[in-house]
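Beneath this line is the structure, given in structure tokens, with notes to follow.
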Amino acid sequence: MVFNSLAFVAFFAIVLAFMAMPFAWTTRKIILLVASYLFYMAWNPPFVILLWISTVVDWYAAQKLVHAEREVVRRAWMLLSVVANLGMLSYFKYGHFLLQNFSELVSVYGVHYVPPTWDIVLPVGISFYTFATLSYTLDVYLRRALPARRFLDYALFVTFFPHLVAGPIMRPTELVPQFEIERRATRRQLQFGLVLVLLGLFQKVVLADTFLSKAAEAVFDTGQPTGALDAWIGTLAFSGQIFCDFAGYSTIAIGVAMCLGFAMPDNFRFPYAAVGFSDFWRRWHITLSSWLRDYLYIPLGGNRHGPARTYLALMGTMLLGGLWHGASWTFVVWGGLHGIYLSVERFLRGRFGGFRPGPLALFALGLLTWMLVNVTWVFFRARTFGKAWDVLAGMVGANGDAAPILSSMLVATTLLIVTGIVAAHWWMRRRTLESALLQVPAVPLAMGMGLMTFLVIIAQGEGSAFIYFQF
Amino acid sequence: MHSSTSSSDLRAEPAATRPGFVRQTASDRPGVAQPVPERDIPDRPWGRIWFGALALALLLTAGWEWHWRAFGVTPSYRNSNGQWAQQRRRIDAGEGDALVFIGSSRTLFDMQLPVWKRVTGEQPIQLSLEGTSALPALEDLAADPAFHGRVMVGVTSSLFFSGFAYRGDAIRDWRKESPSARIGTWLSMHFVEPYVAFYDPDYALETVLARQPWPVRPGTHPHMSVRKLSLSGEDRNTYLWPKVAEDVPYRDLARRIWAQSWQLPPPPMLDTPAKVRAVADAQIARAVAAVKQLRAHGARVVFVRQPVAGPYLAFEDRVEPPALTWQVLLQRTGAPGISFADHAELQGFEPPEWSHLSRPDAERYTARLAPMVERAFAGEPSVQALAAQP
């Protein structure tokens, strides 16, 4: 079930009530585990089996490899976990994509092969929980962590419903210790957790769904050529939409966990105020970018084997990171562009290591970063390369005779909201939400929260899915 | 560095942290086990803040509700995909022999289920979808071997013969409806919809904002979306909102919105008479196939054209002349058909906005139509008779 639905409100109220009861800690953890399975089964009950497979395989793999004495045996158990998890992911997410590409490849050599119809539904959240469980066996294999002591704590780490389907992608060392010690949410945790839930809902239901999604859909889902203003507004709208949608989801997830007495890490840190692309990736989808860095970029050699190998590792990581988002070459190009940006930035830092920008230059570099990130969003949002090229052509004014698409209302609201988002990110650049809230007097805070609650209610969101659920 | 998932021997990684952020995350600690996150709670009087926020939200929401009630809106069940799925499931839950209404808004608004039950003793299942050709629903029933009842198919010429399906997603959604969606529909129908007037897509923030008098961007052609026209019951028994019949400016607005359909140029797929005929023929072929499939599992079909008047009737007769569409449909499917235009007892009904009957008229119309439809079903060829055909 999605967070912005009546079903989730009822589910969460029941879970909170159970967790507040005077049961033993183990009993409450079992309740939380069962609730998490029900949360997942509310989409498509049979897919819970995949979750169980992933959980059990990684539990046993970690247990076995930690007791193995020979390196080859340790590696075999680690590989079993990797193959099992990535095998499931590949089958459900990339099977059709691989067959299609194979068909196109062999057709170049004159072989006519039509792949069978792939009528398989992507299990929701599979990309997220396979990465979470993989980090468990990989951390044990890399001797960064010991296995969990109790299966219940480990199963709850995999399944804990706030992070299960769209992150933040948790590491076992972040969550398992929290299940080992009895905890009960304090009143302040409950109150502030609900503040985060409200903030996330406002971002998702009001900003992303009500205001920004329509302009993005009108531009990217039409077959007609796109003029300069429409191309830019559509792209900016998507830029704001995907931030509000995904950061909104993460904020709700963190708030829900806090209401239950658990801490989850930040997944976003005001990314549209990033200066440079390494800074952007330390602010955008932090739990994925750090996962890719720790389990892909560093094992590929990282920056330890000279510049050429570093650039290769960087490009490989970003291309695979792009593919993680979806089985389409447009996502690979999106990742590739980020890989090129990061490589160019790395090269320039090597050449101009002593450069220290002043405030104005810093802002200009920040704007340049944001504009280049917007260019990548075109490939992320467009369903085909044809549409992506059309929007990019529009952005540089090459579709001069294109008829206008967006209404004045969509242009005005998109500009207003996206400017607001970017300004807020710059103001918050070196702050946390919590430190900023300390500065706001109680009355304006109450009024702002009241207004946000009202807008969430009258927006009448109908439980529309979060964008990242499809990944 | 060897950390653990256990809290007792978790070690910090001070050398790996990077400066620059108020709160460190995994992005600042490369290549190490990540510690338990720390989340601070700002020292504010959150209890009092929440009290003030909820009081303000309650006040604003009450004002919003009052505003729309003053406009004439009353609580009504939401004509959602979930509600449609609820009715559709009745067929698979033991009502496979039921009478089912499919069609567009004319069949949805003009057929009054309580009246039909009073006249015939039978409670039909209402599966009509506004702005949508009956064909997707007809094909859905045809593909369901559990259905062996009777189908009354409403034919709105401009939708049926063009294949337009504004709500086609309802049929797709019910097939893959998740348990959480079902629970959400149930909760909404029991705790929100019967009590809250503004909970209607026509009064959602996005819709209300979009219909404000924004300056028109040169080169764009603003299009008015269809406004609220109906009220629905729990069983999808639906009737024309009395405001449409009684409030002259609102009725005129509804008429102006319909008029857009015949004032705008046709879409590229229908911009020549030949294309219109080809599309209509394709829809008729779909209907023939579906009717054949339905008869194969014992179901019977009757087509009905509901009343339409004024410029709307003129538009439909011009674009989809009955001689080239409606009559061909009946001839090729071999199914009985009832058109309001052909029967004296179905005359004298004036749809206020040309397309849908007022509630009192819909009740009288249903009472007159029900026996005619029953007779038509009785005259439908039986499965045995069809089987005997070459």
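Quick reminder: no glycine exception, Cβ is built from N, Cα and C everywhere.
Any TrEMBL annotation is an automated prediction that lacks curation.
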Given the ranges A:254-271, A:272-289, A:308-325, A:326-343, which one is assigned the annotation transmembrane segment in TrEMBL? A:308-325
Transmembrane segment per TrEMBL, picked from A:120-139, A:140-159, is residues A:120-139
By Cβ distance under 8 Å, which residues at least 6 away from the ends of the transmembrane segment (A:72-92) in the same chain are close to it? 50, 53-54, 57-58, 61-62, 64-65, 98, 120, 122-123, 126-127, 130, 133-134, 137-138, 141
Checking distant contacts: for the transmembrane segment (A:120-139), what same-chain residues at least six beyond its ends satisfy Cβ-Cβ under 8 A? 40, 43-44, 47, 50-51, 54-55, 58, 61-62, 65, 77-78, 81-82, 85-86, 88-89, 91-93, 95-96, 145, 147-148, 154, 157-159, 163-167, 169-173, 288, 291, 294-295, 324, 469-471
Other same-chain positions with a Cβ less than 8 Å from the transmembrane segment (A:190-207) and lying at least 6 residues past its termini are 3-4, 16, 240-241, 244-245, 247-260, 417, 421, 433, 449, 452-453, 455-456, 459, 461, 466
